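> Next up is a structure, given as structure tokens.
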Amino acid sequence: MARRNPSIIVGFVVTTLVLLATVCDAQLSSKFYDSTCPNALSTIRTVIRTAVSKERRMAASLIRLHFHDCFVQGCDASILLDDSSSIESEKTALQNVNSVRGYNVIDQAKTEVEKVCPGVVSCADIVAVAARDASFAVGGPSWTVNLGRRDSTTASKSEATSDLPLFTDDLDTLISRFQKKGLTARDMVTLSGAHTIGQAQCFTFRGRIYSNASDIDAGFASTRRRGCPSLNNNENDKKLAALDLVTPNSFDNNYFKNLIQKKGLLHSDQVLFSGGSTDSIVSEYSNNPTTFKSDFAAAMIKMGDIQPLTGSAGIIRKICSSVN
């Protein structure tokens, strides 16, 4: 019987241990800061509650910020980086510019966390926790946030432009965008439900409400025209409207009821209920708010796990808007 070379065995064992350590190191955990920064979550929660109490709309903005972060390079806080000599900021991408908000709230949360645990908690984790706390603050579901993400040192405006959904997207395009990130069509419909507390700028829905198309309720279109003039100019384009007119400040399932009544404000909303493959999901959520909320929590957890930087990858930024 041939004798095995001891050095080969030792090398195999060491390699195996290193690989195991890497796998374990790369796993996110809800307990990640339990010993290194036990007050991290409560500190973030206080900032988010204060921000949402001052402006209810901020809840939707913080959920959207997390979504727009995770869809570009993964959940790595790249969306927070400003322009620099080496970085072209994602903030100026078409889907983000003059639209994505909440950067200041994340900065404030980071400042407060740094006071209790300097250099420990990543901006990426703060964004993820903020989305959960924002949802709960307006009556939405809560969920256990997996932690341990690290911050990127790069941003990608090009990926933001190519991968983030557009208000003009049709159903197949939306499904494709989400599938590219490992999310299903059901996840896409579920996450779109956050629009129940969102707002949109006039230029994003002007074409729809003045179209006289068959997929929009005539009375609804007429009502919406009052707040969104047909004339294109900078002032009119920025006029805001609630995506859900019925209960715009509450996280509920009215968004889906609106779609069934042809009262989706954005084209990319109404296509979720337009005779296509997602009609049944919209119908289900319109009839069962409990299912919607539980599915939303699960989808947010799943989205938060998109390509995080962990272990020795990335950094912990001191200031979320810059690599330092």
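Cβ atoms here come from the backbone N, Cα and C positions, even for glycine.
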> Looking only at Cys24, Cys37, Cys202, Cys228, which is named in TrEMBL as the disulfide mate of Cys117?
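Disulfide partner per TrEMBL record: Cys37.
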> Across all the protein chains here, work out how many other Cβ atoms are within 10 Å of the Cβ of His68 (active site, proton acceptor).
23
> For the Ca(2+) 1 site (Asp69, Val72, Gly74, Asp76, Ser78, Glu90), what does the 8 A shell look like? I mean other same-chain residues with CB within 8 A of the CB centroid.
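Filtered neighbour residues, in order: His68, Cys70, Phe71, Gln73, Cys75, Ala77, Ile79, Ser152, Ala155, Ser156, Ala160.
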